[in-house]
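Visitor: Okay, these came from TrEMBL:
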- B:22-561: domain 'Cytochrome oxidase subunit I profile' (DOMAIN)
- B:40-62: transmembrane segment (TRANSMEM)
- B:82-110: transmembrane segment (TRANSMEM)
- B:130-152: transmembrane segment (TRANSMEM)
- B:172-193: transmembrane segment (TRANSMEM)
- B:214-242: transmembrane segment (TRANSMEM)
- B:284-300: transmembrane segment (TRANSMEM)
- B:312-334: transmembrane segment (TRANSMEM)
- B:340-364: transmembrane segment (TRANSMEM)
- B:376-399: transmembrane segment (TRANSMEM)
- B:411-434: transmembrane segment (TRANSMEM)
- B:454-476: transmembrane segment (TRANSMEM)
- B:496-516: transmembrane segment (TRANSMEM)
Amino acid sequence: MAVALILVLVAVGSVAFHLWSPWWSTPIASNWGYIDDTINLTFWITGFVFVVILLFMAYCVLRFRTRPGNRAHYEPENKRLEWWLTGITAIGVAAMLAPGLVVWNQFITVPRDATEIEVVGQQWRWSYRLPGQDGRLGRSDVRHVSAENPLGVDPTDPQGQDDIILDGEDLRLPIDRPVRVLLRGIDVLHNFYVPEFRAKMDMIPGSITYFWFTPTRTGTFEALCAELCGVGHAAMRGRVVVQTQAEYQAWLVGQRTFAELGAAARRAQASAPPPERDRYEEASR
Amino acid sequence: MSEIVPGADHPIPHDHADDVELYHPHSWITKYVFSQDAKVIGIQYSLTAMAIGLVALVLSWLMRLQLGFPSTFSFIDPPSYYQFITMHGMIMVVYLLTALFLGGFGNYLIPLMVGARDMVFPYANMLSYWIYLLAVLVLVASFFAPGGPTGAGWTLYPPQAILSGTPGGQGWGIILMLVSLALFIIGFTMGGLNYVVTVLQARTRGMTLMRMPLTVWGIFTATVMALLAFPALFVGAVMMLFDRLLGTSFFMPALVEMGQQLRYGGGSPILFQHLFWFFGHPEVYIVALPAFGIVSDLISTHARRNIFGYRMMVWAIVGIGALSFIVWAHHMYVSGMHPWFGFFFATTTLIIAVPTAIKVYNWLLTLWRGDIHLTVPMLFTLAFIVTFLNGGLTGLFLGNVVVDVPLSDTMFVVAHFHMVMGVAPIMVIFGGIYHWYPKVTGRMMNDAMGKIHFWVTFLGAYLIFFPMHYLGLLGVPRRYHEIGPTSFVPDSAETLNAFISVVALVVGAAQMLFLFNLAWSLRRGREAGPNPWNATTLEWQTPQTPPGHGNWGKETPPVYRWAYAYGVPGAARDFIPQNEPPATAAGDGGSG
């Protein structure tokens, strides 16, 4: 009796917790509502199965608990029942997998008009690069990384000269414009994770990875590192500011390009060089 | 119906197997220390695994103290927190669960359950244990090495695992970890080959494969998988050792660490992830399949009912074992591998849910119309079904590639894998120990202590890990020593973390009661007799309890039927042991 009751309580308590606990997904700020829908669908299907099975178990424990003179029913197999259960399970699994794969296809199909931006991770901070007037990011290589060129942009590539480098600053994005986020790691694995955007991906030194999304809500969002990257992992934070088109353009005009920064850096080097992070912050103001 | 039904019993020719070929111990040392008896080796494996498991338990306390009450304890800083989680994870998965299920239960039960006198290669079996012990000692040594153990996370992902930003990365920690893993795999291979060959070659007369208890099927399949999966980890460990010590670049691309260009170049960090998970995913089932098997036997014995759908259960075990080799990259959906892999691995991963679900249904259908004795092993079995079901269902979230994207690397993952491959298999280990303890020692474990231990452990573990999923849904990442002020995390999450930590302390403390019970019952437990649960399988039919060297006296037992003849209509008792000769041509069994 007690055991059956506790099994029922586990089922009911889990559902109640799911419905009424204060901990739930952050309000979404990107186009990936379909991901949330797939999660909710999965919650419904799996929650139903969980409750049904637990209640059946509770029923069995209550009803078939040993009594004097009782004997179990001897039935080694029941092919019909087993195939029915297999079939129903397969349908339930397909009902979750099919929408999941459809949404995954959207997730990996980047729209043609998406703007490419770059997020660079290194222990333990984020930097960003936006394409300049030509709309293209210049080549980069870890071998070019130096104090003056923290993201390793190829100084000989003309496309990189007008790139905008944001080092120690917030990333800014215009609302409702799809972005393809290129991810680059300089030292170890990192993962650029903004919970409100739902999308995330690891960055791997030596490769360039990506994900895409469209910001759908203005505001400031916190970015975290979601792939263990050493002792400073939890402190590797950044911010993404989603702005209206007009605000974004106004901000963009004031930014300096890679070429301008290089010139500024060379001038600064002639005098006493301050630490590089401060220098870039000054340069950007 | 098929042969598994007792009506199809057939007589078995007698065959006298003399026990001359066995090595007999001559002294206390060869009997209890350097023993070649699989039963002693099984106990040695179990005790060593439990001892190192206690270390992992204390580590989990320390990390829960930090998470529940951040910046309260001055002796836990970020480096030590990462060392705690790394060592906790690796110990639990490899040195506790794998060693206890295969080395412990496997050694003790395989020869007894298939009616063999011992493992077929007793000397290699002995070596297997001593190399395992050496691996454990090397692992423990890293706690005392300069710089301490590695803090790379149990997945040991390069490049960070061997760089200076990670505790132990440039010190001894990662080296000792990799050496210890290599030793473990060498030791395991010696034991594993033994288990496989014993099952295939040393079964007693009449013990066909389709009459074997599901415990043996589970351990056997898991061992075959481990023999195929561990080499991937072995080569990964050796390659990483080369990268760390010899300056090769298997996993190391050109990179800049803290403004410094390193000498590496051309390697692939993701290659390690493939090697690791090609081992790591089968590893989940290497732990789960023995648990599936043992649970099947516990549920059948204590519900006094034949396991439902035996053949389906066997094929489900084999099918899961095979499928588990083509799902590994579902751990890598957000690793940056080619996105098309997502379609393939999501499909295979969700397909594996079908045979797994069949197993759950068949356990439930074994309870249904049974004669359920709510003994302590049965309680643990029920708890296993609840926690495994819960963890299996959340696996459908993480396996479905696009759903995994927001959830991966969050506390949802931590909650999921603890539920499904932490709590659930440990429930089975406890159930199994309470079940077989009378055979191992001749005495029953104390029932009252067992029940207290059960309720605190089951309900406590559920209270720890069920709410944890919702922290992950909220977006709290895993492997953070504290979440700190974060815009999207409400203060209530701190309260939940503190609650989880308090429960974790209590559940950990309850394990001390279990250990006390183990020791107390050795002397004070009720005399068990040879077959206290009225079970059918061969280990309960030994001439002596505990079984002597060689297990069976003069002659190994002949087997006449499957392992699940419970509640057979017309039989005198509600169970018929596998080795009980059919009474008359018509009397025993009848149709199923």
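The backbone N, Cα and C atoms fix where each Cβ goes, and this holds for glycine too.
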Visitor: Please give the sequence-distant neighbours of the transmembrane segment (B:496-516): residues at least 6 beyond its ends with Cβ less than 8 Å from one of its Cβ atoms.
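Guide: For the transmembrane segment (B:496-516), the far contacts come to 50, 54, 57-58, 60-61, 64-65, 67-69, 430, 449, 452-453, 456-457, 460-461, 463-464, 467-468, 470-471.
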Visitor: Mind checking which residues reach the transmembrane segment (B:40-62)? Cβ under 8 Å, same chain, six or more beyond either end.
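Guide: Residues 31-32, 76, 80, 84-85, 87-88, 91-92, 95-96, 99-100, 103-109, 125-126, 128-129, 132-133, 136, 139-140, 440, 504-505, 508, 511, 515 contact the transmembrane segment (B:40-62) from elsewhere in the chain.
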Visitor: Which residues, given as numbers and ranges, are at least 6 beyond the ends of the transmembrane segment (B:411-434) yet have a Cβ under 8 Å from it?
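Guide: For the transmembrane segment (B:411-434), the sequence-distant neighbours (Cβ-Cβ under 8 Å, at least 6 residues beyond its ends) are 92-93, 97, 100-101, 105, 284, 287-288, 290-291, 294-295, 298, 375-381, 383-384, 387-388, 390-392, 394-395, 397-398, 445, 450, 453-454, 457-458, 461-462, 464-466, 468-469, 471-473, 476-478, 514, 518.
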Visitor: Cβ pairs under 8 Å only, please: of the recorded stretches B:82-110, B:130-152, B:172-193, B:454-476, which one is richest in them relative to the transmembrane segment (B:284-300)?
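Guide: It is B:82-110 that shares the most Cβ pairs under 8 Å with the transmembrane segment (B:284-300).
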Visitor: If we skip the immediate neighbours and take only residues 6+ beyond the ends of the transmembrane segment (B:172-193), which ones have a Cβ under 8 Å from one of its Cβ atoms?
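Guide: Here the qualifying positions are 83, 90, 94-95, 98-99, 102-103, 106-107, 121, 124-125, 127-132, 134-136, 138-139, 141-142, 145-152, 156, 161-162, 166, 223, 226-227, 230-231, 233-234, 237-238, 240-241, 244-245.
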Visitor: So which of B:130-152, B:214-242, B:340-364, B:454-476 is most in touch with the transmembrane segment (B:82-110), counting Cβ pairs under 8 Å?
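Guide: The listed stretch sharing the most Cβ pairs with the transmembrane segment (B:82-110) is B:130-152.
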Visitor: For the transmembrane segment (B:130-152), could you work out the same-chain residues 6 or more beyond its ends whose Cβ comes under 8 Å from its Cβ atoms?
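Guide: Hits for the transmembrane segment (B:130-152): 34, 44-45, 48, 52, 55, 79-83, 85-87, 90-91, 95, 99, 103, 160-161, 166-174, 176-177, 179-181, 183-184, 186-188, 190-191.
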